[in-house]
Amino acid sequence: MQLATYVCITVDLALAVFEEPAVYPLPFLATSIVEVFCLLAFFARLVHFSKVTPRNVFWKDTKNICVMVTILLNLIDLIIYGCLSIAHIQSIRWSRVLRPIYLVNFAESRQIRRAFRSIRNTLPEIFYVFLLFMFNVLIFSLMAHKLFGNRKLKTAEGEDYFENYLDAVFNLYVLVTTANSPDVMMPAYDYSWGYSIFFIAYIILNTYIFMSVFLAVVYNNYRKHLKNEIRKLAYMKRRKMAEAFNALKVKEGPDFVVTEATWTKLVKLVAPDISNSHRELLLRVSKEENQRWVGKEAFIRLADLLNIKVITMKARKHPIECWMPHLYKSAASRFIRQVVHHKGFVYAYDVIILVNAIFIGLDDRNPQISNAEWVFLSLYVIEILLKLYTYDPRNFFAKNQFWNWFDTFIIIAALVATVVNTGLKSGSQYNSQQILDVVFILRVLRLIRIIDSIKRFRVIVNTLINILPSMLTFCGIILVIYYVFAIIGMEIFKHKIRFFPENSTDPFALGCGTQTLMESAFAKNKYCKNNFNNIGYTFIVLAELTVVNQWHIIATGFSLVTHPAAKLYFMAFHVVIVIMVIK
């Protein structure tokens, strides 16, 4: 059920790829049928959830109400849009922006929902800081407008300098992000060096002081609310475990306990996948020696014990030792295994990797350099084979052996790609730059193996792997916000800007398909491909806005082809993503 829900959510979100403006256009009937199927799946999930939840709890749960209302709105929008399409009347699929609600509000996404709840609880505290910050920007913008607006100064692009108050607000807001520094200051600085004091004071006050205060407020309040959330969840967990204990307890002398047999049945029911040895370990931790029962405090800790990752290492013979024991135990075999176990084996391959890095940096059009690739590949394949010969393959490829999996995958992929690339080169017609690119990337990725040999690096990488679930939660938040802004952006800016190839003869090619952008900074920087003409291009634009650099040029370009108020869309995205979520 959980997997089916995730699949339907993914399909529902992915419909934007096929809807107007589409990456791969499909008829409205096709996408609407798929969307209706997803909505039916969501409704079925709600019905299933209502069957296993008390009625009063189900109807008081806000997330269930949100999902039901969203399903209804999606259906209404589909019907209205379909009827208008039949009548050849252009309309907007306004409900598409609600699709991320399914990702957030189903029970399977509790981590994302918890993060959003912490952000929501943080908003009141940061609201007043943001108001004070914006008030400061507005005051400085008014001063800039009065100081420079009547001096007939021009920017490097020949535009008026602070003559419009709203433009002044936008330019000074951008200056907080440092994206237009020092360009925005130069006309005034050229006029008189004293005016630089105005901009320096503004940067110190807003970029360094206010943004630092903003970061501190966001971090401290988010941390506080997250702690409260975790404390509340811990309390609820203890209360639920206490209720379970009261339901299973029996009298044993003066105390109430849970018998060993009942405890074992319970663990088998809630964690059927764990091994018998794992279950026996949990039981030994939970009860005193020679006791046949589990006390209340130990029973309450059961939920925490089940969340502890336990790796079972079995002492098993190598398969070759089972098949050919005399060969595997021979003197030559023992010598090979001793060599592989020795630190010198690791150091030798570290040197090989470094030498390989030098060869990768050289010109591979030289036949000798190109042929050396086969030498390095052979050495890497020999290393993998020797390790598989020395270590039990089942332990070598255990779930926690990330670097072994990485090494093997990279070497095998590089070997296959190199063989294919060489085979195509030997043919009369060779035009496979994509395969060549894959070969180059795999060659470089092989160098990452050096990280496993340096303990400090390995600790850092393992830490990143361990916090991956938290990073995925953060990515889920970013995805939701990106998707909402992407849908809104496509409805506002689709087909306003177009991209033309270098050899295009279209008279408006240099202006991104419109006369308005001719000679603009947007067109001069060749930003025409930064548009909202499909979901793919839109996500790339939003990623560029997140990086901040040159985001004001993108915002100005779209405001020129629509309305100056379009800049509010880009400012809102910067506030939500860069200032609030990422900070």
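Glycine is treated like the rest: Cβ placed from N, Cα and C.
All TrEMBL annotations are machine predictions without curation.
Residues annotated as domain 'Ion transport' in TrEMBL: 7-224, 351-582. According to TrEMBL, the transmembrane segment annotation covers 26-44, 65-89, 126-144, 165-181, 193-222, 344-362, 374-390, 402-420, 467-488, 534-554, 566-582.
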* To do: For the transmembrane segment (344-362), find every same-chain residue at least 6 residues outside the stretch whose CB is under 8 Å from a CB in it, and list them.
  => 369, 372-373, 376, 379, 383, 443-444, 446-447, 449-450, 453
* Asked: With pairs closer than 6 in sequence left out, are the transmembrane segment (26-44) and the transmembrane segment (65-89) joined by 3 or more CB pairs under 8 Å?
  -> yes
* Range from 374-390, 467-488, 534-554, 566-582 with the greatest count of C-beta pairs under 8 A to the transmembrane segment (402-420) -> 374-390
* Candidates 374-390, 534-554, 566-582; stretch with most C-beta pairs under 8 Å toward the transmembrane segment (467-488) -> 566-582
* pLDDT averaged over the residues of the domain 'Ion transport' (351-582) -> 84
